[in-house]
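Below is one structure, written out as structure tokens; comments come after it.
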Amino acid sequence: MVDYYEVLGVQRHASPEDIKKAYRKQALKWHPDKNPENKEEAERKFKQVAEAYEVLSDAKKRDIYDKYGKEGLNGGGGGGGIHFDSPFEFGFTFRNPDDVFREFFGGRDPFSFDFFEDPFDDFFGNRRGPRGNRSRGAGSFFSTFSGFPSFGSGFPAFDTGFTPFGSLGHGGLTSFSSTSFGGSGMGNFKSISTSTKIVNGKKITTKRIVENGQERVEVEEDGQLKSLTINGVADENALAEECQRRGQPTPALAPGPAPAPVRVPSQARPLAPTPAPTPAPTPAPAPAQTPAPSVSTRPQKPPRPAPTAKLGSKSNWEDDEQDRQRVPGNWDAPMTSAGLKEGGKRKKQKQKEDLKKKKSTKGNH
């Protein structure tokens, strides 16, 4: 007998959030489009995963399953479901696994890169029709879903189960289609998805083309191409080429906001640029100075005046001349001590004679 907890790979006390995470992982793993080489086994596993999620994601169904097993739900596995006596008076019919898959993913196509865009971009309106034909090899795009975050945590709409978006009062989405094809690997993968909305009476069609890792998004308004982006960046050249190919005029790009004028006071004058500071030259080392000789602060004596020659008698002058000791000059011949004594005696004798003559002269007068 199949154990739904084992099918999803969870424990019996797993939380509703764990159930959702497990279904997402197992449904993407065993989807028949991902396993074309083992399609029969994949279809069987995919159906079991859908049944397990239908039962364990509902509190009442899970309680009945825990008490009575699968027999308590369908009375022997006929697939048609029966009513039976239970505290819930519950009858159950398993749905098509593809319907469960589409309902879980909110009507979006997980086979295209469009699935990773804004989760509410194309949700509003009716549910899309049956899945388009898909043909994938072993290297399908599904391998990229292994690290995708939980839908329960990322998209609030999945927390309470699927709600038809038409009931939300948004009738903008009128159609949705998707076509994916490729070879044996990701190198030849191509996905094309188209969505149409009616916004303010205008028909807005968004076409996404993903090929070899490059995404091209074209937006039309009433059949007129309005914008074209490649990998999220607007490409004006590609837009012009596509419009020319379609025979349509190129839409004018919206001008950007004009810069606000800067008001300058009339008295204000532009400041002169401040010159760059010139580095000061490095001063040369001062030469060592010899200390000046100390100058005495004592006042110098004035020079002695030259002696004034006294005019007197000849005798006085001669006496002074005789009394003054004569200093020999360089021209004087050297004199011996005997010569000096002799000269002195002669002078004294002459002086005595002169005195006698003076006295005699005075006596005659």
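Backbone N, Cα and C define each Cβ position, glycine as well.
When you go through Arg62, Arg127, Arg136, Arg216 in Swiss-Prot, the residue listed as omega-N-methylarginine is Arg136.
Looking at the domain 'J' (3-69) alone, the prediction's average pLDDT is 90.
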